[in-house]
Amino acid sequence: MGKTLVFVNQKGGVGKTTSAINLGAYLALAGKKTLLVDFDPQGNMSSGLGLARGLTVYDLLAGKAHINSVLRTTPVHNLFAIPASIDLSGATVELVDEQDRELYLKKILAEVKDTYDFILIDCPPSLGILTLNGLAAANEVFIPLQCEYFALEGLTLLLQTVKRVQSGLNTALSIGGIFFTMYDTRTKLAQEVVKQVTTYFGDKVFNTIIPRNVKLSEAPSHGLPISSYDAQCAGARSYEKLAREIVARDGQR
């Protein structure tokens, strides 16, 4: 059975979508059949993969399409995607009065979960109904953390939400890991944040740190993961290393 990882942080601009795209690409390149699920109405994952307009995850939630008709190929062999569009924002209203409204995505992905080694869900930067769907559908939570003071405050709130989900919606949910993004070696604050979080969370923190890197910012505008855009840059090497770390940890569980 495949493993579903959800990428969550209620703060925007922390590298969540960039991380989901690039880790998905490197997992696929490592021979792991991988599915990326864009569950953010902004659709940044979809545009970052150069996906054309068409059926989206909203059509699945609305019961207008079957998952096989929404699946897309990507520029990377073994990497597939379910795109999103702004229509998904309507689901937050439409699901409010529905029974089991937090379990819609879980039911959709159940049809294909055994087909993939990894499913990666990119949630919006909020803790609303869409993110709850992502948490309910996942085996593990992955938290990208930018190296700044406010990131620590947000982490506390996020972990409280995860605990609430663990106590009801998804008792099997666990913290897959925390990893640092946009790391700038020149700032003392970045070093201090890494030290504090690592001291508190121990082995939940991945060893690999993603540096601040121009190429990582450029790649989405070309509709490519960093592995296809510039595999030799520091950002690419870091995501490849982090993907290997994820696979290694998965093998130990």
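Every residue gets a Cβ built from N, Cα and C, even glycine.
Annotation comment: Swiss-Prot describes Lys11, Gly12, Gly13, Val14, Gly15, Lys16, Thr17, Thr18, Pro211, Asn213 as ATP binding site. The Mg(2+) binding site annotation in Swiss-Prot covers Thr17 and rests on similarity to another entry.
Secondary structure at Pro211 (ATP binding site), as computed by DSSP, is strand.
Taking every protein chain shown into account, Gly13, Gly15, Pro211 are the binding-site residues, and of these the Cβ with the most other Cβ atoms within 10 Å belongs to Gly15. With a 10 A radius on its CB, Thr17 (ATP binding site) counts 27 other CB atoms from all the protein chains. Within the set Lys11, Gly12, Gly13, Val14, Gly15, Lys16, Thr17, Thr18, Pro211, Asn213 that the record links to ATP, no two Cα atoms are more than 20 Å apart, and one pair reaches that distance.
Counting only same-chain residues at least 6 apart in sequence, those with a Cβ under 8 Å from the Cβ of Lys11 (ATP binding site) are Pro125, Gln146, Phe150, Ala151, Gly154.
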